[in-house]
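Engineer: Handing you a structure now.
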Amino acid sequence: MAKGPVRVLVTGAAGQIGYALVPMIARGVMLGADQPVILHLLDIPPAAEALNGVKMELVDAAFPLLKGVVATTDVEGMERKDVMSKNVSIYKSQASALEKHAAANCKVLVVANPANTNALILKEFAPSIPEKNITCLTRLDHNRALGQVSERLNVQVSDVKNVIIWGNHSSSQYPDVNHATVKTPSGEKAVRELVADDAWLTGEFITTVQQRGAAIIKARKLSSALSAASSACDHIRDWVLGTPEGTWVSMGVYSDGSYNVPSGLIYSFPVTCQNGEWKIVQGLSIDEFSRKKLDATADELSEEKALAYSCLS
Ligand code: LMR
C-alpha cells in the first residue's frame with residue numbers, strides 16, 4: 001500500500017542551507033524513495049519574498065513525492081527581544097509555534113548556530129515535545145572527520161566509521177578517533193593503528209575539523225550549505241530509519257549525564273538509532289587527553305546556556 005505523506009517543517013527555509021536541503025527532502029533522499037512528503041517552509045518576515053521563490057522552484061521541479069508546499073513567515077504570537085543572539089529569540093518563537101501546532105512526537109533537528117544552545121531554548125519553549133525528540137546537528141562535523149581520515153589514509157570515506165564528535169558545534173568540539181576504524185581487505189583496523197602519526201591525530205586533524213566551518217566561509221565567502229544540508233539529511237535519515245549494525249554517528253542530544261557530561265546540556269555524543277530512537281553508545285574508554293577535551297567543550301556549553309537564558313529573562 002502507498003504510504004501517506006509525512007509533514008516536514010524546514011525553518012530558515014529561504015536561507016542557504018534550507019535552499020540546498022528542501023530538494024533533497026522532496027526527492028526522497030531523507031525519508032526514502034517511497035515516502036511522500038508535504039513541506040512546510042518557515043522563515044522570518046524579511047525573507048518572505050525569497051521564501052516564495054523557493055516555493056515556486058519546488059513547484060517547478062515537479063517532484064513526484066512532493067504532495068504539498070506551505071510557505072509562511074507567520075509563527076503567531078511572535079515576541080522578539082533585541083539583544084545578543086537573534087537566534088535565541090527566533091528559536092523561542094519557533095518553539096512556541098511548534099508547541100502549538102506540531103505533532104507531539106515530531107522529531108526536531110536544530111542547525112542554526114549556536115546550534116546546541118538554540119536546541120536547548122527550543123526544548124524550553126516547546127515543553128510538550130519530549131526532550132529526546134530535540135537534537136542538533138553535529139553530523140556535519142562527524143562527516144568532516146570521516147573525510148579528513150579518508151583523505152589522510154587514501155581510503156574510501158564509506159570504509160571509515162565510528163569517529164566521534166563530542167560536545168558543542170563550535171571550535172571547542174572534540175573530534176575523537178580513538179574508537180574509529182577503517183575497513184581494509186584484511187579486516188577492520190583501528191584508525192590509530194593505520195595513522196602512525198600521533199601528532200597529526202592529536203593536533204592538525206582536530207583543529208582542521210574544529211575550524212572547517214570557518215575555512216569554508218573564508219573560501220566561499222559564505223558558510224557551508226551543500227555539506228550542511230547533506231549532513232542534516234544524513235542525521236534525520238539515520239534517526240528515522242536506523243544506523244547500520246556496528247556503526248554509530250554523532251548527534252547533539254539532551255545529556256543524561258553519560259560520560260560525566262553535565263545533564264541538562266545539548267551535547268554531541270556517539271549514538272546508535274533504532275525504531276526512530278537514538279541511544280548514547282555506552283562504555284567507551286576515555287583517556288586523560290580526551291577527558292580534558294570533553295570537559296572543555298561542556299564548560300563552553302554551560303557558559304553559552306547561562307548567556308542564552310540571561311537574554312530570555
Ligand atoms: C559550519 O560548521 O560550517 C557552520 O556552523 C559555520 C558557520 O558559522 O556558519
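Using the three backbone atoms N, Cα and C, a Cβ is placed for every residue, glycine included.
No curator has checked TrEMBL annotations; they are predicted automatically.
Here the structure is a predicted model, which means the values were calculated and not measured.
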Engineer: Among ASN87, ASN105, ASN133, which residue does TrEMBL name as a further NAD(+) binder in the site formed by GLY12, ALA13, ALA14, GLY15, GLN16, ILE17, GLY18, ASP43, VAL111, ALA112, ASN113?
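Structural biologist: Candidate in the recorded NAD(+) site: ASN87.
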Engineer: Under the DSSP assignment, what numbers of helix, strand and coil residues are found in the domain 'Lactate/malate dehydrogenase N-terminal' (74-134)?
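Structural biologist: Its residues fall into 30 helix, 4 strand, 27 coil.
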Engineer: Around the Cβ of GLY18 (NAD(+) binding site), how many other Cβ atoms lie within 10 Å? Please give the count over every shown protein chain.
Structural biologist: 24
Engineer: Hey, what's the Cβ neighbour count for GLN16 (NAD(+) binding site) at 10 Å?
Structural biologist: 16
Engineer: Using all protein chains in view, find how many other C-beta atoms are within 10 Å of the C-beta of HIS169 (active site, proton acceptor).
Structural biologist: 28
